[in-house]
Amino acid sequence: MEIHLNRVDYIQVGVTSQKTMRLLPALGKKATQKVAIADHDGVLTCFGMKKGEAVPVFKTLPGQKIARMDLGGAAGTPQEKIFVCSGSQVRGFTKKGKQFLTFEANLTESINAMHVSGADLFVCASYIYNHYCDCKDQDYYLSGDKINDITCLTSENLTRLVPVLACQDRVLRVLQGSELAYDIEVPGPPSVLELYNKDGGNDLSAGEEILYGTTDGKIGLVQIGEDSAATKWEIDNDKKKGGILCIDTYDIVGDGVNDILVGRDDGTVEVFGFDSSSEPTLRFEHVLSESVTSIQGGCVGKESYDEVLTATYTGWVTGLTTEPQKTEAGPGDEVRMSKETQSKVEALRAELEQLQVRVLQGREQYQQTSQSSTAVSAVPVFSINDKFTLCQDDASYSLTLEVQTAIDNLLLQSDVPIDLLDVDKNSAVVSFSECDSEPNGNFLLATYRCQANTTRLELKVRSIEGQYGTLQAYVTPRLQPKTCQVRQYQIKPLSLHQRTHSIDQDRPMNRLSLVGQFSFAEIHSWVVFCLPEVPEKTPAGESITFYFHNTFLGTHLEATYCKGEGHFRSDNISTISILSDVLSKEATKRKINLNISYDIDDDSVSHTLKMIHPKLEYQLLLARKVQLIDALKELQVHEGNADFLIPEYRNILDESASLLEEYKKQPAHLERLYGMITDLFIDKFKFKGQNVKTKVSSLLEILDNYDLNSLLNFFNDVDM
Amino acid sequence: VFSIVSVLKLFPAALKPATLTLATYAWLARQLGTMLVPIFTLKLNHKINPRMVTVGKFDGVHPCLTAATQAGKVFIHNPHARGQRPVTHRLSQSTQDSDISLLNINQAVTCLTAGTLGPNTTGDTLLVGSQTNLLAYDVHDNADIFYREVTDGANAIVMGKLGDIPNPLAIIGGNCALQGFDYEGNDHFWTVTGDNVRSLVLCDFTGDGKNELLVGSEDFDIRVFKEDELLSEMTENETVTSLCHMHGSRFGYALANGTVGVYDRTARYWRIKSKNHAMSIHAFDLNADGVVELITGWSNGKIDARSDRTGEVIFKDNFSSSVAGVVEGDYRLDGQQQLICCSIEGEVRGYLPASKDLKGNLMDTSSEQDLIRELSQRRQNLLLELRNYEENAKTNSGVGVIPANTQLQTALSVRPATEAQKAHVELSISTPNETIIRAVLIFAEGIFEGESHVVHPSAQNLSGCVRVPIVPPKDIPVDLHIKAFVGGKISTQFHVFEITRQLPRFSMYDIAVDSSVAPPSGRVAFSINDRPQRVVMWLNQNFLLPEGVDSPDVTFTSLRGGGLLSISMASNGQITLRTDDIDLAGDLVQSLASFLAIEDLSAEADFPGYFEELRTTLTEVDEFHSVHQKLTAAMADHSNYIRNMLVQAEDARLMGDMITMKKRYRELYDLNRDLINEYKIRSNNHNALLACLKSVNQAIQRAGRLRVGKPKNQVISACRDAIKSNNVNALFRVMRAGTASS
């Protein structure tokens, strides 16, 4: 069952954060709903649509940036009170715009997630969770990693309020008072939580189910029980769409079952419906040009037409409505509609003219200050929405940058060798500049000149483990007076590692142990320096264990450490080698004496090679096949048909399209595998105190005529 | 002559949607959300070489899509008349697809086109060019019209009438040379151009009702020839890969760096640059507004149609692989031209121009919505700017603050080579106060590897002054668009200063002269009727002179070659340029002549060093020619030998004499190896010959560039005559004196 939704733009406010737009409950059965939206200028706007025009209900004065919004109200009454949080303050407004609550949470950090339920208020600020009832402190919890979102279950089956936290370390933490009840492992860092069937629903488990979305674009449904949870379903992100920013449930298809509305950070809006087997299936997809920060289902533009309402990063409120577009309406309608638009356009033009005059005055004044020797020029900081994440599938980093106004150009600079990959979606003209690694330490200097109206840029970079440094992006938007802002991204020594929940303990492991006069905080900071996805805050307790896996090779790493002692175990000897190099360097920097010991398992090298083997074999075969395609096609043309070819070759011809696509998807995959095998070889003998760099050429020869056994033999037999 | 039956089954399954009526099509369009959908789609199952696609009516009636494919073949797609084609000579039926005939060229095809060439032919003639030959072929009669050897190769081809030449010509562009053949294969037009030709188009550039020839070449120039007279030169910043005529004097162009744009005469209307490459461009009125749009097929499979005035996209579609060619033809034989786009994998789509009721709006989003969105976006931008000024007035501290009177100073100067650094032009950028320059971005065309150059000092090397060495590879004037990020040492937000500086054409010449360097032996002398002050003005505008000069007698050191360049002007208006670099002399003459608006200028020249080189090259050409002939003879011998050997071997096999057979086959194997080796020698010889011929063509072009207007054309045609008659001495006489006589 497909649905068609037409796009309508309503208004534009300032830059918005995640989950800052809500629809107020409808008054009548078929009446349109009012929209409440809050932005970074601190303005809370409430508006309704009348004859295609946005009519404001109220608008607050500018102030501190608003990070979240929620609706609340006494239990059993319409949830129409608006709560917003900015800084560490929570304010409440009635639907008419009257402020009835100002609550200072007295947190040292800004609130970034909030949930309101009756008289209960739940707020989170990075690692801290606080529960207030009637503005009085109730519970408190300190999470192990950053909290991205919070929601709270209320159900007749549950005896109490159950808050659930979405934490960056890939778990949902279910709380009981100030204590952790249990946690739920999810496949990616969760970024958003939403109650499934929030209005109660009809089946028994209603009100106990939570939808989550992850920063790597996965969605799932979990059922929260008293002391355990069950995953109902998960939707993977095969098509590599953006991360999830917002979720809502609403029956837009009109089949009586609530659909799931999803907004992603690459501008994708999706509607998932349920087929007879209760599996979610994609029913509708639309791509807006910027991050979708909030999504709601309801009725805004025209009564009795349902729609999906979205708010984007730059503050556009856009509806995807079931109301048919005017092209399909009768000729009479068309005239009326264009008259409306006409007046809208005229009003806009008039406003533009006025603004133009004011801007000209502003420019003149600004010019005049440049004559004065005492005046300074301080242009306010523009906001950049950026994300630098490791993609698991191709072991490369994706960098997305989003600015509230069009980007003019971007300068990328790196002090570590990295490869910049081409991204189809990115239409900017890239140009690589000559680099001077001496004396300025540049390994990459590239400019992106953007096409007009580009507010969002997506880039991909590939790093090499062991080479670490900083990637800097200088973003210049098309805004006078022209300024640029620099953002820094760390390329960590073990950049291709990702946190995981558990590792396979049966593999042959190499161990690196450190003993020395260092504090828990010190060794934690070194681990943060080496590995991605480790929380910056020193964990609570005496000691900690983190698990990682290498996204490219699939090898594992276990890091356990406490004050004065650290143990790192990995089946990949290169990982251990990199860690030992970096850690000893860091310790030397702080003049700390380290006692380093190794426990090398020789089997681990063969084990790693055997793990690489299927990947390498597949890649080699693919490369060989792709190489043959053109020649085979020529033969086919020459002979008129392919019947004379052996089945293997005919197969290649038949599959040529998919082979080529596969090959194109993973550029330099083979070279990367070769590089890692070479590292493995060098590192194996490094731990034996032998330098085998001279033998690398013979290794490469063996790789050129690859065969697992001869490679294993070479690793074992090399006579030093 | 086709029977009714064959017309009836014109559109078999391959052209599926063709039976749709316009009404259903409009309905379909609305359903799909796009307003323009392909009217037919074909999968040809043959690869298509990029830019080698054309449509020809070889029988005078039925248009056939014709394209070069792998293995030196050309395929002709003719869905209109089945089962009537004779299979002889070059043509053979493809067994994969009965609508396709294959034409065996046996050489890698480099270009092809179709059109009316002969005066009394019924259908179009197909012309196929390769690196060594040009074939004119009558597909309908299945016969060669002519087959000519072209030593300069054929990189591009165009067919049509040129200037006053009465017969239509097939004009090919090769290595620095242009050649036009009539239907009998006679060479009616020949001239040279600056570099390897990559694209050609005929259009009435001057508006005199006669066609001029536009030539795009690898030296980034678009040249306009009125027959063999060079009318104008437009310098672009990359190899010109495609040209197409739009309407009137307007034409579209595409460059190897992903730029496409439109010129009207010598003025560029618009251009856009993409990170993808434009594979093919074509003019077609897709929105039926009476004006053609520029249709571009891109390397990523995208097709877009852009307004010829603004470059605004009015339609786009996507193929799954790179586009190979964009052509047009009445492929459905219903009197309407379709735009036909082909991908390199052999997918073909045809688009019909939009019907009138779409009102030129081919995109699926409503334009009103877009207008409102655009206006709101502008409002938002103005509001943001206003906020910038308001906040600026309020706050007086914070990060990224700089004194309001900060001004950026830029200076250009010539720096001769030192031990540490090559000779370069130095652009120094500095701030007058304690602010620092975090990074400098310079966007400029044609002087950097990409389109930009970045200087990003490391944190410890930050200062208020940045020196950027620039080495322009060619003598061209360049606009440097400089963006400097200015702020404090620990700022995260910087002010961006944007300045444009022009680098003069001859910037790599230093006025400081080392007296020990020997004076140049090459010179060119000519007379002008202008005051010396005007020459001084030209000098000051085109060279980087720190203090300027006040006399037209100056000497420079070339920073590229190291030699000297001296310019002197006698009281009678005779100017003498002394340099050993004939290219530089040509550039100077052309630049000065255009500055002084001189239309015709003859000159005497002598470049002993260069001429000596050319003489050697000419002897080499002769040698390579004779080697070529010898090798060809040897090859003929060998092939006879092979034939004998094969017969003997097969005889032995039939006789059951396996020992002899084995021996013969072994010999045959050895002979085969010899042949391969010989082939390698031959191809090396051929490549060397090509390089020599190219440099001879270039020499003629260079001799021409020392003159302007008519004298220039005279030199080029006189040189050509001298080469034709193999008179080397006459050639040098022409190059020196400018005429063949005396």
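If you go along the chain as it appears here, the first residue is 1 and each next one adds 1.
A Cβ is built for glycine as well, from the same backbone N, Cα and C atoms used for every other residue.
What TrEMBL annotates here:
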type	residues	note
DOMAIN	B:54-160	domain 'Ciliary BBSome complex subunit 2 N-terminal'
DOMAIN	B:199-306	domain 'Ciliary BBSome complex subunit 2 middle region'
DOMAIN	B:421-506	domain 'BBS2 GAE'
DOMAIN	B:514-596	domain 'BBS2 platform'
DOMAIN	B:608-705	domain 'BBS2 hairpin'
DOMAIN	B:710-736	domain 'BBS2 C-terminal helix bundle'
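Long-range contacts of the domain 'BBS2 C-terminal helix bundle' (B:710-736) within the same chain, counting only residues at least 6 positions beyond its ends with a Cβ under 8 Å from a Cβ of the stretch, are 190-192, 228-230, 600-606, 611, 614-615, 618, 696, 699-701, 703-704, 742. Counting Cβ pairs closer than 8 Å to the domain 'BBS2 hairpin' (B:608-705), the top stretch among B:54-160, B:199-306, B:421-506, B:514-596 is B:514-596. Applying DSSP to the domain 'Ciliary BBSome complex subunit 2 N-terminal' (B:54-160) sorts its residues as follows: 0 helix, 55 strand, 52 coil. Secondary structure of the domain 'BBS2 platform' (B:514-596), assigned with DSSP and counted as helix (H, G, I), strand (E, B) and coil, comes to 25 helix, 22 strand, 36 coil. DSSP assignment over the domain 'Ciliary BBSome complex subunit 2 middle region' (B:199-306) gives 0 helix, 69 strand, 39 coil. Residue counts for the domain 'BBS2 GAE' (B:421-506) under DSSP (helix as H, G, I; strand as E, B; rest coil) come to 3 helix, 47 strand, 36 coil.
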